Amino acid sequence: MREFVFATHNHNKMREIQSLMPDDIKLLSLDDIKCFEDIEETEATIEGNAILKANYIKEKYGYNVFADDTGLEVKALGGQPGVYSARYAGNHKSDADNVQLLLRNMEGKTNREAQFKTVIALCLDDATYVFEGIVKGIITNTSVGTNGFGYDPVFQPNGFSETFAQLPLATKNEIGHRGKAFKKLLDFLENY
Ligand code: IMP
């Protein structure tokens, strides 16, 4: 049995990703390895923060580990909120606050192009590997739908007339940023 830490405290994410893993891989959460400290995301890029989190766990706890980081990049805003997606409206603000600020900053903008990007950093033995998943779409004019979380109600993927918050989760997983990045990780681990 191979063991990997998935650098998250989120049990839903853990369960979801464990169910996708090959049978010989067991995932441990940060809670499982008793890592309760906040790992500060101080890098200027999504990729940098994924690598920072994975390196931190590998160096301090010694496990093989993967960490993910996600951001929404909006063309008309020069790639913002990007690495600041979680705290766009401020440190202790809600998803709804972030969405509201985004819609406000997009008022009057004709170019609505955006993309979600997930980067997964894997520290395995002495090497670090990076896997990226991107989905392109547009920012809608209003918030629509109740599925999902974060910026889902204002992101309409290309080829669809609904937002991520209107589409079934299975569709989002299939075409979405996180699903694509994890598929690359799984392919890599299955063949390693
Ligand atoms: P994290 O790296 O997964 O913590 O994501 C950073 C921020 O990006 C979150 O706080 C969400 O606001 C946003 N985000 C991440 N993934 C998604 C998604 O799949 N849909 C909508 N928003 C997301």
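The backbone N, Cα and C atoms fix where each Cβ goes, and this holds for glycine too.
Keep in mind that TrEMBL annotations are predicted by a computer and have not been checked by a curator.
As given in TrEMBL:
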- Thr8, His9, Asn10, His11, Asn12, Lys13, Thr70, Phe149, Gly150, Tyr151, Asp152, Lys172, His177, Arg178: substrate binding site (BINDING)
- Glu40, Asp69: Mg(2+) binding site (BINDING)
- Asp69: active site, proton acceptor (ACT_SITE)
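Distribution of TrEMBL features across the structure.
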{"residue": "Thr8", "record": "substrate binding site", "DSSP class": "coil"}
{"residue": "Glu40", "record": "Mg(2+) binding site", "DSSP class": "coil"}
{"residue": "Asp69", "record": "Mg(2+) binding site", "DSSP class": "strand"}
{"residue": "Gly150", "record": "substrate binding site", "DSSP class": "coil"}
{"residue": "His177", "record": "substrate binding site", "DSSP class": "helix"}
Report task. Would you count the other C-beta atoms found within 10 angstroms of the C-beta of Glu40 (Mg(2+) binding site) for me? Result -> 10
Query raised in the report: Taking just the CA atoms, what is the gap between Asp152 (substrate binding site) and Asp69 (Mg(2+) binding site) in Å?
Result: 16
Query - Maximum Cα-Cα separation in Å among residues Thr8, His9, Asn10, His11, Asn12, Lys13, Thr70, Phe149, Gly150, Tyr151, Asp152, Lys172, His177, Arg178, which the record lists as binding substrate - result: 22
Query raised in the report: Taking the Cβ of Asp69 (Mg(2+) binding site) as reference, which residues of that chain separated by at least 6 in sequence fall under 8 Å from it?
Result: Glu41, Ile46, Glu47, Asn49, Ala50, Lys53, Val83, Thr118, Val119
Query raised in the report: Of all the binding-site residues given, Thr8, Asn12, Thr70, which has the fewest Cβ neighbours within 10 Å once its own Cβ is left out?
Result: Asn12
Query - Cβ packing number for Asp152 (substrate binding site), 10 Å threshold - result: 23
Requested in this report: For the binding-site residues Asn10, Gly150, His177, work out the Cβ neighbour count at 10 Å and name the residue with the minimum.
Outcome: Asn10
Query raised in the report: Within the set Asn10, Asn12, Glu40, Gly150, which binding-site residues show a CB-to-ligand 1 distance under 6 A?
Result: Gly150
Report task. Determine, to the nearest whole angstrom, how far the Cα atom of Asn12 (substrate binding site) is from the Cα atom of Glu40 (Mg(2+) binding site). Result -> 22
Query raised in the report: In angstrom units, rounded to an integer, how far apart are the Cα atoms of Thr70 (substrate binding site) and Glu40 (Mg(2+) binding site)?
Result: 15
